[in-house]
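Undergrad: Quick one: this structure, given as C-alpha coordinates, is what I'll be asking you about.
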Amino acid sequence: MTQLYTYIRLLGACLFIISHVQGQNLDSMLHGTGMKSDVDQKKPENGVTLAPEDTLPFLKCYCSGHCPDDAINNTCITNGHCFAIIEEDDQGETTLTSGCMKYEGSDFQCKDSPKAQLRRTIECCRTNLCNQYLQPTLPPVVIGPFFDGSVRWLAVLISMAVCIVAMIVFSSCFCYKHYCKSISSRGRYNRDLEQDEAFIPVGESLKDLIDQSQSSGSGSGLPLLVQRTIAKQIQMVRQVGKGRYGEVWMGKWRGEKVAVKVFFTTEEASWFRETEIYQTVLMRHENILGFIAADIKGTGSWTQLYLITDYHENGSLYDFLKCATLDTRALLKLAYSAACGLCHLHTEIYGTQGKPAIAHRDLKSKNILIKKNGSCCIADLGLAVKFNSDTNEVDIPLNTRVGTRRYMAPEVLDESLSKNHFQPYIMADIYSFGLIIWEMARRCITGGIVEEYQLPYYNMVPSDPSYEDMREVVCVKRLRPIVSNRWNSDECLRAVLKLMSECWAHNPASRLTALRIKKTLAKMVESQDVKI
(Lines of atoms letter the chains of each structure in order from A and count residues from 1; the text may use other names and numbers.)
(Lines give C-alpha, C1' and ligand atoms only; values in the text may rest on other atoms or scores of the structure.)
Protein backbone atom coordinates (compact mmCIF):
# COMPACT_ATOMS: atom_id res chain seq x y z
CA MET A 1 0.00 0.00 0.00
CA THR A 2 2.97 2.34 0.76
CA GLN A 3 4.33 1.70 -2.74
CA LEU A 4 0.96 2.68 -4.21
CA TYR A 5 0.94 5.98 -2.33
CA THR A 6 4.55 6.68 -3.49
CA TYR A 7 3.54 6.00 -7.11
CA ILE A 8 0.60 8.37 -6.85
CA ARG A 9 2.84 11.13 -5.44
CA LEU A 10 5.34 10.68 -8.30
CA LEU A 11 2.49 10.80 -10.80
CA GLY A 12 1.28 14.06 -9.27
CA ALA A 13 4.75 15.58 -9.60
CA CYS A 14 4.94 14.54 -13.26
CA LEU A 15 1.54 16.04 -13.97
CA PHE A 16 2.64 19.31 -12.37
CA ILE A 17 5.74 19.49 -14.57
CA ILE A 18 3.72 18.66 -17.69
CA SER A 19 1.14 21.32 -16.93
CA HIS A 20 3.92 23.84 -16.27
CA VAL A 21 5.50 23.14 -19.67
CA GLN A 22 2.14 23.29 -21.41
CA GLY A 23 1.35 26.61 -19.78
CA GLN A 24 4.40 28.41 -21.26
CA ASN A 25 3.58 31.12 -23.88
CA LEU A 26 5.07 31.52 -27.31
CA ASP A 27 7.61 34.08 -26.12
CA SER A 28 9.57 31.24 -24.49
CA MET A 29 9.37 29.01 -27.58
CA LEU A 30 9.85 31.46 -30.42
CA HIS A 31 13.02 33.24 -29.39
CA GLY A 32 13.81 36.37 -31.31
CA THR A 33 17.26 38.02 -31.29
CA GLY A 34 18.31 41.54 -30.68
CA MET A 35 19.46 44.09 -33.22
CA LYS A 36 22.66 43.10 -35.00
CA SER A 37 24.58 44.45 -37.98
CA ASP A 38 26.23 42.62 -40.79
CA VAL A 39 29.64 43.09 -39.14
CA ASP A 40 28.45 41.00 -36.24
CA GLN A 41 28.31 37.98 -38.51
CA LYS A 42 31.20 35.64 -37.72
CA LYS A 43 33.99 35.15 -40.29
CA PRO A 44 35.75 31.82 -40.64
CA GLU A 45 39.32 31.80 -39.41
CA ASN A 46 42.14 29.76 -40.88
CA GLY A 47 41.61 26.07 -40.13
CA VAL A 48 38.31 26.73 -38.34
CA THR A 49 34.93 25.34 -39.46
CA LEU A 50 31.90 27.38 -38.38
CA ALA A 51 28.50 25.98 -37.41
CA PRO A 52 25.74 26.32 -40.05
CA GLU A 53 23.88 28.96 -38.05
CA ASP A 54 27.06 31.10 -37.94
CA THR A 55 27.35 31.16 -41.73
CA LEU A 56 23.77 32.21 -42.50
CA PRO A 57 23.06 35.83 -43.39
CA PHE A 58 21.05 37.87 -40.92
CA LEU A 59 17.48 38.96 -41.75
CA LYS A 60 15.49 41.96 -40.67
CA CYS A 61 11.95 40.98 -39.60
CA TYR A 62 8.88 42.87 -38.58
CA CYS A 63 7.91 42.22 -34.94
CA SER A 64 4.64 42.68 -33.12
CA GLY A 65 3.99 41.04 -29.78
CA HIS A 66 7.32 39.22 -29.88
CA CYS A 67 9.79 42.13 -30.05
CA PRO A 68 13.10 41.98 -28.16
CA ASP A 69 13.93 44.76 -25.69
CA ASP A 70 16.34 46.51 -28.12
CA ALA A 71 13.95 46.46 -31.11
CA ILE A 72 13.87 49.64 -33.23
CA ASN A 73 10.79 50.60 -35.24
CA ASN A 74 9.19 47.20 -34.58
CA THR A 75 12.02 45.34 -36.29
CA CYS A 76 14.38 42.63 -35.13
CA ILE A 77 17.40 40.77 -36.57
CA THR A 78 17.74 36.96 -36.78
CA ASN A 79 19.75 34.33 -38.63
CA GLY A 80 16.72 32.01 -38.57
CA HIS A 81 13.25 32.88 -39.88
CA CYS A 82 10.73 35.65 -39.80
CA PHE A 83 7.34 34.41 -38.61
CA ALA A 84 3.73 35.46 -38.20
CA ILE A 85 1.32 33.52 -35.96
CA ILE A 86 -2.41 33.69 -35.36
CA GLU A 87 -3.87 32.23 -32.12
CA GLU A 88 -7.28 31.79 -30.56
CA ASP A 89 -7.56 32.19 -26.76
CA ASP A 90 -9.98 30.49 -24.34
CA GLN A 91 -12.59 33.19 -24.96
CA GLY A 92 -12.52 32.60 -28.72
CA GLU A 93 -10.70 35.87 -29.56
CA THR A 94 -7.91 35.79 -32.18
CA THR A 95 -4.53 37.54 -31.98
CA LEU A 96 -2.04 38.05 -34.86
CA THR A 97 1.59 38.50 -33.80
CA SER A 98 4.98 38.33 -35.55
CA GLY A 99 8.70 38.39 -34.83
CA CYS A 100 12.11 36.81 -35.27
CA MET A 101 12.84 33.14 -34.76
CA LYS A 102 16.31 31.84 -33.90
CA TYR A 103 17.91 29.34 -36.16
CA GLU A 104 17.93 26.63 -33.47
CA GLY A 105 14.66 24.70 -33.75
CA SER A 106 13.20 27.03 -36.33
CA ASP A 107 12.45 24.22 -38.77
CA PHE A 108 10.47 22.44 -36.07
CA GLN A 109 8.62 25.56 -34.94
CA CYS A 110 7.68 26.50 -38.48
CA LYS A 111 6.04 23.09 -38.90
CA ASP A 112 3.98 23.53 -35.71
CA SER A 113 0.90 21.28 -35.92
CA PRO A 114 -2.44 22.48 -34.57
CA LYS A 115 -3.67 20.99 -31.29
CA ALA A 116 -7.26 20.14 -30.48
CA GLN A 117 -7.19 22.25 -27.34
CA LEU A 118 -5.28 25.22 -28.86
CA ARG A 119 -6.10 26.59 -32.32
CA ARG A 120 -3.18 28.43 -33.96
CA THR A 121 -1.29 28.69 -37.25
CA ILE A 122 2.30 29.83 -37.83
CA GLU A 123 3.89 30.86 -41.14
CA CYS A 124 7.62 31.49 -41.70
CA CYS A 125 9.73 33.18 -44.41
CA ARG A 126 13.40 34.09 -45.06
CA THR A 127 13.58 37.52 -46.67
CA ASN A 128 13.82 40.95 -45.09
CA LEU A 129 10.52 42.10 -43.55
CA CYS A 130 8.75 39.28 -45.36
CA ASN A 131 6.49 38.54 -42.41
CA GLN A 132 4.93 42.00 -42.45
CA TYR A 133 2.50 40.82 -45.10
CA LEU A 134 1.91 37.27 -43.93
CA GLN A 135 -1.77 36.55 -43.08
CA PRO A 136 -2.01 33.07 -41.52
CA THR A 137 -5.52 31.74 -40.93
CA LEU A 138 -6.83 29.54 -38.14
CA PRO A 139 -7.34 25.87 -38.94
CA PRO A 140 -10.95 24.67 -39.11
CA VAL A 141 -12.56 23.42 -35.91
CA VAL A 142 -12.12 19.65 -35.76
CA ILE A 143 -13.80 17.49 -33.11
CA GLY A 144 -11.05 14.99 -32.66
CA PRO A 145 -11.17 11.66 -30.89
CA PHE A 146 -10.80 11.48 -27.12
CA PHE A 147 -7.25 10.23 -27.41
CA ASP A 148 -5.69 12.93 -29.61
CA GLY A 149 -2.16 12.24 -28.54
CA SER A 150 -1.90 15.34 -26.37
CA VAL A 151 -0.06 15.27 -23.09
CA ARG A 152 -3.13 16.48 -21.22
CA TRP A 153 -5.29 13.57 -22.34
CA LEU A 154 -2.42 11.20 -21.67
CA ALA A 155 -2.26 12.48 -18.10
CA VAL A 156 -6.02 12.02 -17.70
CA LEU A 157 -5.76 8.50 -19.07
CA ILE A 158 -2.95 7.62 -16.68
CA SER A 159 -4.87 9.06 -13.73
CA MET A 160 -7.97 7.06 -14.62
CA ALA A 161 -5.93 3.90 -14.97
CA VAL A 162 -4.32 4.45 -11.56
CA CYS A 163 -7.74 5.00 -9.94
CA ILE A 164 -9.19 1.87 -11.53
CA VAL A 165 -6.21 -0.23 -10.46
CA ALA A 166 -6.47 1.15 -6.91
CA MET A 167 -10.20 0.33 -6.77
CA ILE A 168 -9.55 -3.21 -8.01
CA VAL A 169 -6.83 -3.69 -5.38
CA PHE A 170 -9.04 -2.39 -2.56
CA SER A 171 -12.03 -4.48 -3.71
CA SER A 172 -9.91 -7.60 -3.98
CA CYS A 173 -8.53 -7.08 -0.48
CA PHE A 174 -12.03 -6.54 0.95
CA CYS A 175 -13.51 -9.60 -0.80
CA TYR A 176 -10.60 -11.78 0.26
CA LYS A 177 -10.93 -10.65 3.87
CA HIS A 178 -14.70 -11.26 3.82
CA TYR A 179 -14.19 -14.70 2.25
CA CYS A 180 -11.67 -15.68 4.91
CA LYS A 181 -14.06 -14.49 7.64
CA SER A 182 -16.90 -16.50 6.10
CA ILE A 183 -14.79 -19.65 5.92
CA SER A 184 -13.71 -19.14 9.52
CA SER A 185 -17.31 -18.63 10.70
CA ARG A 186 -18.50 -21.69 8.79
CA GLY A 187 -15.79 -23.81 10.33
CA ARG A 188 -16.57 -22.52 13.80
CA TYR A 189 -20.29 -23.17 13.21
CA ASN A 190 -19.60 -26.75 12.13
CA ARG A 191 -17.39 -27.35 15.18
CA ASP A 192 -20.09 -25.97 17.48
CA LEU A 193 -22.67 -28.15 15.77
CA GLU A 194 -20.58 -31.25 16.36
CA GLN A 195 -20.12 -30.35 20.02
CA ASP A 196 -23.85 -29.63 20.45
CA GLU A 197 -24.83 -32.94 18.85
CA ALA A 198 -22.79 -34.69 21.51
CA PHE A 199 -24.59 -32.66 24.20
CA ILE A 200 -27.98 -34.33 23.55
CA PRO A 201 -27.69 -38.11 23.93
CA VAL A 202 -28.65 -40.21 20.94
CA GLY A 203 -32.17 -41.58 21.31
CA GLU A 204 -33.51 -38.64 23.33
CA SER A 205 -36.85 -37.50 21.90
CA LEU A 206 -38.37 -34.04 22.20
CA LYS A 207 -40.95 -35.38 24.65
CA ASP A 208 -38.15 -36.81 26.81
CA LEU A 209 -36.31 -33.49 26.84
CA ILE A 210 -39.43 -31.48 27.67
CA ASP A 211 -40.52 -33.90 30.42
CA GLN A 212 -37.06 -33.67 31.98
CA SER A 213 -37.11 -29.87 31.87
CA GLN A 214 -40.54 -29.76 33.55
CA SER A 215 -39.62 -32.16 36.32
CA SER A 216 -36.13 -30.88 37.09
CA GLY A 217 -35.96 -27.43 35.55
CA SER A 218 -37.53 -24.04 36.19
CA GLY A 219 -40.72 -24.84 34.32
CA SER A 220 -39.93 -22.23 31.69
CA GLY A 221 -38.89 -24.61 28.92
CA LEU A 222 -35.72 -26.25 27.71
CA PRO A 223 -32.32 -24.78 28.63
CA LEU A 224 -31.11 -22.22 26.10
CA LEU A 225 -28.15 -24.35 25.02
CA VAL A 226 -30.48 -27.24 24.24
CA GLN A 227 -32.77 -24.89 22.30
CA ARG A 228 -29.88 -23.61 20.21
CA THR A 229 -28.73 -27.17 19.59
CA ILE A 230 -32.15 -28.24 18.36
CA ALA A 231 -32.48 -25.14 16.15
CA LYS A 232 -29.13 -25.87 14.49
CA GLN A 233 -30.06 -29.47 13.80
CA ILE A 234 -33.47 -28.77 12.26
CA GLN A 235 -33.94 -29.93 8.67
CA MET A 236 -36.45 -27.80 6.77
CA VAL A 237 -38.81 -29.98 4.69
CA ARG A 238 -41.52 -27.79 3.14
CA GLN A 239 -43.35 -24.52 3.62
CA VAL A 240 -46.87 -24.96 5.01
CA GLY A 241 -47.98 -21.37 5.54
CA LYS A 242 -47.16 -17.70 5.18
CA GLY A 243 -48.47 -14.63 6.97
CA ARG A 244 -47.70 -11.01 7.72
CA TYR A 245 -45.09 -12.02 10.31
CA GLY A 246 -43.17 -14.54 8.17
CA GLU A 247 -43.38 -18.17 7.06
CA VAL A 248 -44.24 -21.51 8.68
CA TRP A 249 -42.27 -24.59 7.67
CA MET A 250 -42.60 -28.24 8.49
CA GLY A 251 -39.20 -29.42 9.64
CA LYS A 252 -37.65 -32.48 11.20
CA TRP A 253 -35.40 -33.00 14.20
CA ARG A 254 -33.98 -36.50 14.42
CA GLY A 255 -36.96 -37.75 12.42
CA GLU A 256 -39.62 -35.98 14.53
CA LYS A 257 -41.86 -33.46 12.78
CA VAL A 258 -41.76 -29.91 14.13
CA ALA A 259 -43.21 -26.58 13.03
CA VAL A 260 -40.67 -23.83 12.35
CA LYS A 261 -41.98 -20.30 12.34
CA VAL A 262 -39.47 -18.12 10.47
CA PHE A 263 -40.07 -14.46 11.24
CA PHE A 264 -39.23 -11.61 8.88
CA THR A 265 -36.43 -9.46 10.29
CA THR A 266 -38.92 -6.58 10.52
CA GLU A 267 -40.97 -8.68 12.96
CA GLU A 268 -38.21 -9.15 15.51
CA ALA A 269 -40.39 -7.59 18.23
CA SER A 270 -43.10 -10.22 17.63
CA TRP A 271 -40.52 -13.02 17.70
CA PHE A 272 -39.00 -11.75 20.92
CA ARG A 273 -42.39 -11.31 22.60
CA GLU A 274 -43.72 -14.70 21.57
CA THR A 275 -40.52 -16.39 22.72
CA GLU A 276 -40.72 -14.54 26.03
CA ILE A 277 -44.37 -15.54 26.59
CA TYR A 278 -43.76 -19.20 25.71
CA GLN A 279 -40.87 -19.35 28.16
CA THR A 280 -42.99 -17.98 30.99
CA VAL A 281 -42.95 -20.25 34.02
CA LEU A 282 -45.79 -22.84 34.04
CA MET A 283 -46.91 -21.77 30.59
CA ARG A 284 -47.04 -25.27 29.14
CA HIS A 285 -50.57 -26.60 28.72
CA GLU A 286 -52.14 -29.19 26.45
CA ASN A 287 -54.34 -26.52 24.85
CA ILE A 288 -51.51 -24.03 24.29
CA LEU A 289 -49.22 -24.72 21.33
CA GLY A 290 -46.22 -26.67 22.61
CA PHE A 291 -43.05 -24.58 22.54
CA ILE A 292 -39.77 -26.35 21.79
CA ALA A 293 -37.04 -23.83 21.00
CA ALA A 294 -36.20 -20.36 19.72
CA ASP A 295 -32.99 -19.13 18.15
CA ILE A 296 -31.50 -16.49 15.88
CA LYS A 297 -29.66 -18.12 13.00
CA GLY A 298 -27.47 -16.49 10.39
CA THR A 299 -24.18 -14.85 9.53
CA GLY A 300 -23.24 -11.22 9.10
CA SER A 301 -25.13 -10.95 5.81
CA TRP A 302 -28.46 -12.55 6.75
CA THR A 303 -30.48 -13.34 9.86
CA GLN A 304 -33.37 -15.72 10.51
CA LEU A 305 -35.54 -15.68 13.61
CA TYR A 306 -36.70 -19.21 14.44
CA LEU A 307 -39.56 -20.27 16.70
CA ILE A 308 -39.87 -24.06 16.86
CA THR A 309 -43.08 -25.66 18.15
CA ASP A 310 -45.10 -28.85 17.94
CA TYR A 311 -46.34 -29.65 14.45
CA HIS A 312 -50.08 -30.21 13.90
CA GLU A 313 -50.79 -31.50 10.43
CA ASN A 314 -54.51 -30.58 10.54
CA GLY A 315 -53.52 -26.92 10.39
CA SER A 316 -55.53 -24.06 11.81
CA LEU A 317 -59.17 -24.06 12.87
CA TYR A 318 -59.81 -21.75 9.89
CA ASP A 319 -58.41 -24.33 7.44
CA PHE A 320 -60.13 -27.21 9.21
CA LEU A 321 -63.62 -25.64 9.20
CA LYS A 322 -63.41 -24.78 5.51
CA CYS A 323 -63.18 -28.42 4.52
CA ALA A 324 -64.78 -30.34 7.42
CA THR A 325 -68.20 -30.43 9.08
CA LEU A 326 -68.87 -31.15 12.75
CA ASP A 327 -71.38 -33.08 14.79
CA THR A 328 -72.38 -31.78 18.22
CA ARG A 329 -69.70 -33.83 19.99
CA ALA A 330 -66.92 -32.56 17.73
CA LEU A 331 -68.23 -29.00 18.16
CA LEU A 332 -68.21 -29.24 21.95
CA LYS A 333 -64.75 -30.83 21.97
CA LEU A 334 -63.32 -28.00 19.87
CA ALA A 335 -65.05 -25.28 21.88
CA TYR A 336 -64.23 -26.77 25.28
CA SER A 337 -60.55 -27.39 24.50
CA ALA A 338 -60.15 -23.86 23.14
CA ALA A 339 -61.84 -22.49 26.28
CA CYS A 340 -59.44 -24.51 28.45
CA GLY A 341 -56.45 -22.99 26.66
CA LEU A 342 -57.85 -19.47 26.97
CA CYS A 343 -58.67 -20.02 30.64
CA HIS A 344 -55.09 -21.14 31.30
CA LEU A 345 -53.77 -18.02 29.59
CA HIS A 346 -56.04 -15.67 31.55
CA THR A 347 -55.44 -17.32 34.92
CA GLU A 348 -52.69 -16.17 37.25
CA ILE A 349 -50.99 -18.96 39.20
CA TYR A 350 -49.59 -17.88 42.54
CA GLY A 351 -46.50 -19.32 44.18
CA THR A 352 -42.72 -19.08 44.23
CA GLN A 353 -42.75 -20.14 40.59
CA GLY A 354 -46.07 -18.62 39.62
CA LYS A 355 -47.50 -17.75 36.25
CA PRO A 356 -48.75 -14.25 35.39
CA ALA A 357 -52.15 -13.69 33.82
CA ILE A 358 -51.85 -13.32 30.04
CA ALA A 359 -54.22 -11.82 27.47
CA HIS A 360 -53.82 -12.99 23.87
CA ARG A 361 -55.00 -9.84 21.99
CA ASP A 362 -55.21 -11.54 18.58
CA LEU A 363 -57.60 -14.45 18.99
CA LYS A 364 -59.02 -15.74 15.71
CA SER A 365 -59.62 -19.05 13.96
CA LYS A 366 -56.28 -18.78 12.13
CA ASN A 367 -54.43 -18.64 15.47
CA ILE A 368 -56.01 -21.82 16.85
CA LEU A 369 -54.58 -25.17 15.69
CA ILE A 370 -56.30 -28.56 15.48
CA LYS A 371 -54.55 -31.49 17.15
CA LYS A 372 -54.76 -35.11 16.02
CA ASN A 373 -57.31 -35.96 18.72
CA GLY A 374 -59.73 -33.26 17.52
CA SER A 375 -58.99 -30.76 20.28
CA CYS A 376 -57.63 -27.22 19.94
CA CYS A 377 -54.49 -25.43 21.02
CA ILE A 378 -53.99 -21.67 21.00
CA ALA A 379 -51.01 -20.26 19.08
CA ASP A 380 -49.42 -16.95 17.99
CA LEU A 381 -48.66 -15.09 21.23
CA GLY A 382 -46.70 -12.27 19.60
CA LEU A 383 -49.13 -9.60 20.82
CA ALA A 384 -49.84 -11.03 24.28
CA VAL A 385 -49.78 -8.83 27.39
CA LYS A 386 -48.83 -9.99 30.88
CA PHE A 387 -50.13 -8.79 34.21
CA ASN A 388 -47.89 -8.63 37.27
CA SER A 389 -50.17 -8.61 40.31
CA ASP A 390 -47.28 -7.80 42.67
CA THR A 391 -46.64 -4.46 40.98
CA ASN A 392 -50.12 -4.13 39.46
CA GLU A 393 -48.49 -3.37 36.10
CA VAL A 394 -49.55 -4.39 32.61
CA ASP A 395 -46.59 -5.58 30.53
CA ILE A 396 -47.43 -4.42 27.00
CA PRO A 397 -45.05 -5.47 24.18
CA LEU A 398 -43.12 -2.81 22.29
CA ASN A 399 -44.63 -3.85 18.99
CA THR A 400 -46.09 -1.81 16.14
CA ARG A 401 -48.21 -4.77 15.07
CA VAL A 402 -51.93 -4.70 15.94
CA GLY A 403 -54.61 -7.37 16.10
CA THR A 404 -57.01 -8.45 13.35
CA ARG A 405 -59.68 -5.79 12.78
CA ARG A 406 -62.48 -8.28 12.03
CA TYR A 407 -62.14 -9.79 15.52
CA MET A 408 -61.61 -6.56 17.47
CA ALA A 409 -63.95 -5.82 20.37
CA PRO A 410 -66.09 -2.64 20.32
CA GLU A 411 -63.93 -0.96 22.99
CA VAL A 412 -60.83 -1.60 20.86
CA LEU A 413 -62.45 -0.23 17.72
CA ASP A 414 -63.72 2.96 19.36
CA GLU A 415 -60.48 3.29 21.39
CA SER A 416 -62.29 3.38 24.74
CA LEU A 417 -60.27 0.45 26.13
CA SER A 418 -58.24 1.41 29.19
CA LYS A 419 -54.69 0.39 28.32
CA ASN A 420 -53.36 0.79 31.86
CA HIS A 421 -55.62 -1.93 33.28
CA PHE A 422 -55.43 -5.63 32.56
CA GLN A 423 -59.08 -6.66 32.82
CA PRO A 424 -60.15 -4.83 29.60
CA TYR A 425 -57.66 -6.93 27.60
CA ILE A 426 -59.19 -10.10 29.07
CA MET A 427 -62.69 -9.00 28.11
CA ALA A 428 -61.58 -8.13 24.57
CA ASP A 429 -60.31 -11.72 24.22
CA ILE A 430 -63.73 -13.02 25.31
CA TYR A 431 -65.45 -11.01 22.54
CA SER A 432 -63.11 -12.55 19.94
CA PHE A 433 -63.70 -16.01 21.41
CA GLY A 434 -67.46 -15.57 20.92
CA LEU A 435 -66.89 -14.99 17.19
CA ILE A 436 -64.76 -18.14 17.01
CA ILE A 437 -67.56 -20.18 18.62
CA TRP A 438 -69.90 -18.77 15.95
CA GLU A 439 -67.54 -20.01 13.21
CA MET A 440 -67.54 -23.49 14.76
CA ALA A 441 -71.33 -23.63 15.24
CA ARG A 442 -72.04 -22.80 11.58
CA ARG A 443 -70.25 -26.00 10.56
CA CYS A 444 -72.21 -28.21 12.97
CA ILE A 445 -74.74 -30.46 11.22
CA THR A 446 -78.23 -30.67 12.72
CA GLY A 447 -81.13 -32.29 10.91
CA GLY A 448 -78.90 -32.76 7.89
CA ILE A 449 -78.43 -28.98 7.54
CA VAL A 450 -75.14 -27.08 7.74
CA GLU A 451 -73.99 -23.63 6.59
CA GLU A 452 -70.90 -23.10 4.48
CA TYR A 453 -67.88 -21.74 6.28
CA GLN A 454 -67.68 -17.94 6.52
CA LEU A 455 -65.71 -15.41 8.51
CA PRO A 456 -67.58 -13.30 11.07
CA TYR A 457 -69.40 -10.31 9.51
CA TYR A 458 -68.76 -11.77 6.04
CA ASN A 459 -71.97 -10.18 4.71
CA MET A 460 -71.53 -6.81 6.44
CA VAL A 461 -67.97 -5.68 5.69
CA PRO A 462 -65.43 -6.11 2.83
CA SER A 463 -62.94 -8.98 2.76
CA ASP A 464 -60.28 -6.70 4.25
CA PRO A 465 -62.30 -4.30 6.40
CA SER A 466 -60.94 -1.01 7.67
CA TYR A 467 -61.32 0.31 11.20
CA GLU A 468 -64.12 2.54 9.95
CA ASP A 469 -65.96 -0.43 8.39
CA MET A 470 -65.82 -2.45 11.59
CA ARG A 471 -66.57 0.51 13.85
CA GLU A 472 -69.70 1.32 11.87
CA VAL A 473 -71.03 -2.25 12.10
CA VAL A 474 -69.91 -3.25 15.61
CA CYS A 475 -69.98 0.02 17.56
CA VAL A 476 -72.50 2.28 15.83
CA LYS A 477 -75.06 -0.24 14.55
CA ARG A 478 -74.15 -2.81 17.24
CA LEU A 479 -74.65 -5.68 14.83
CA ARG A 480 -73.37 -9.21 15.39
CA PRO A 481 -72.93 -12.18 13.02
CA ILE A 482 -76.20 -13.61 11.73
CA VAL A 483 -77.56 -16.79 13.31
CA SER A 484 -79.54 -19.45 11.45
CA ASN A 485 -83.07 -20.26 12.65
CA ARG A 486 -82.15 -23.94 12.88
CA TRP A 487 -79.93 -23.21 15.88
CA ASN A 488 -82.99 -22.58 18.05
CA SER A 489 -84.44 -25.98 17.18
CA ASP A 490 -81.39 -27.88 18.47
CA GLU A 491 -80.68 -28.08 22.20
CA CYS A 492 -76.90 -28.04 21.85
CA LEU A 493 -76.77 -25.18 19.33
CA ARG A 494 -79.30 -23.24 21.38
CA ALA A 495 -77.01 -23.44 24.41
CA VAL A 496 -74.01 -22.51 22.26
CA LEU A 497 -75.93 -19.52 20.89
CA LYS A 498 -76.68 -18.29 24.42
CA LEU A 499 -73.02 -18.73 25.34
CA MET A 500 -71.63 -16.81 22.37
CA SER A 501 -74.18 -14.01 22.84
CA GLU A 502 -72.87 -13.52 26.39
CA CYS A 503 -69.32 -13.49 25.03
CA TRP A 504 -69.82 -10.77 22.42
CA ALA A 505 -71.97 -8.43 24.54
CA HIS A 506 -71.34 -4.76 23.79
CA ASN A 507 -70.61 -3.96 27.43
CA PRO A 508 -67.35 -5.67 28.49
CA ALA A 509 -68.59 -6.04 32.06
CA SER A 510 -71.52 -8.16 30.81
CA ARG A 511 -69.31 -10.74 29.14
CA LEU A 512 -68.49 -14.11 30.63
CA THR A 513 -65.05 -14.92 31.97
CA ALA A 514 -62.95 -17.67 30.43
CA LEU A 515 -63.43 -19.78 33.54
CA ARG A 516 -67.23 -19.44 33.33
CA ILE A 517 -67.15 -20.38 29.62
CA LYS A 518 -65.00 -23.41 30.44
CA LYS A 519 -67.38 -24.59 33.17
CA THR A 520 -70.48 -24.06 31.02
CA LEU A 521 -68.98 -26.05 28.16
CA ALA A 522 -67.80 -28.73 30.60
CA LYS A 523 -71.41 -29.32 31.64
CA MET A 524 -72.48 -29.53 28.02
CA VAL A 525 -69.66 -31.97 27.29
CA GLU A 526 -70.73 -34.11 30.22
CA SER A 527 -74.37 -34.07 29.15
CA GLN A 528 -73.42 -35.19 25.63
CA ASP A 529 -71.03 -37.81 27.00
CA VAL A 530 -68.17 -36.35 24.94
CA LYS A 531 -64.76 -37.92 25.50
CA ILE A 532 -62.15 -35.18 25.85
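Note: Cβ is positioned from N, Cα and C throughout, glycine not excepted.
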Undergrad: Can you tell me which of these residues Swiss-Prot lists as N-linked glycosylation site: Asn73, Asn373?
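TA: Per Swiss-Prot, the residue annotated as N-linked glycosylation site is Asn73.
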Undergrad: In Swiss-Prot, the ATP site includes Val240, Gly241, Lys242, Gly243, Arg244, Tyr245, Gly246, Glu247, Val248. Which of Lys232, Lys257, Lys261 does it also list there?
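TA: The one candidate that Swiss-Prot places in that ATP site: Lys261.
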Undergrad: Pick from Cys110, Cys130: which cysteine does Swiss-Prot list as forming a disulfide with Cys124?
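TA: Recorded disulfide partner of Cys124 in Swiss-Prot: Cys110.
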Undergrad: What residue among Cys14, Cys61, Cys63, Cys163 is stated in Swiss-Prot to be the disulfide partner of Cys82?
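TA: That record, Swiss-Prot, gives the partner as Cys61.
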Undergrad: Which ones, of the recorded positions Cys63, Cys67, Cys100, Cys130, Asp362, have a Cα no more than 10 Å from the Cα of Cys82 (disulfide bond)?
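TA: Those close enough are Cys63, Cys100, Cys130.
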Undergrad: Return the residues near Cys110 (disulfide bond) by Cβ distance under 8 Å, restricted to its own chain and a separation of at least 6 in sequence.
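TA: Correct list: His81, Phe83, Met101, Ile122, Glu123, Cys124.
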Undergrad: To the nearest whole angstrom, state the Cα distance for the pair Cys125 (disulfide bond) and Asp362 (active site, proton acceptor).
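TA: If we compare the Cα positions of Cys125 (disulfide bond) and Asp362 (active site, proton acceptor), the gap is 101 Å.
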Undergrad: Taking just the CA atoms, what is the gap between Cys61 (disulfide bond) and Cys76 (disulfide bond) in Å?
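TA: With distance taken Cα to Cα, Cys76 (disulfide bond) is 5 Å from Cys61 (disulfide bond).
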Undergrad: About how far apart, in whole Å, are the alpha carbons (Cα) of Cys67 (disulfide bond) and Cys76 (disulfide bond)?
TA: 7
Undergrad: Count the Cβ atoms, other than its own, that fall within 10 Å of the Cβ of Cys130 (disulfide bond), considering every protein chain shown.
TA: 19
Undergrad: Most Cβ neighbours within 10 Å: which of the disulfide-bonded residues Cys76, Cys100 is it?
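TA: Counting every other Cβ within 10 Å of each candidate, the maximum falls on Cys100.
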Undergrad: Taking the Cβ of each of the disulfide-bonded residues and counting other Cβ atoms inside 10 Å, which one has the highest number: Cys61, Cys125?
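TA: Of the disulfide-bonded residues Cys61, Cys125, the highest Cβ count within 10 Å belongs to Cys61.
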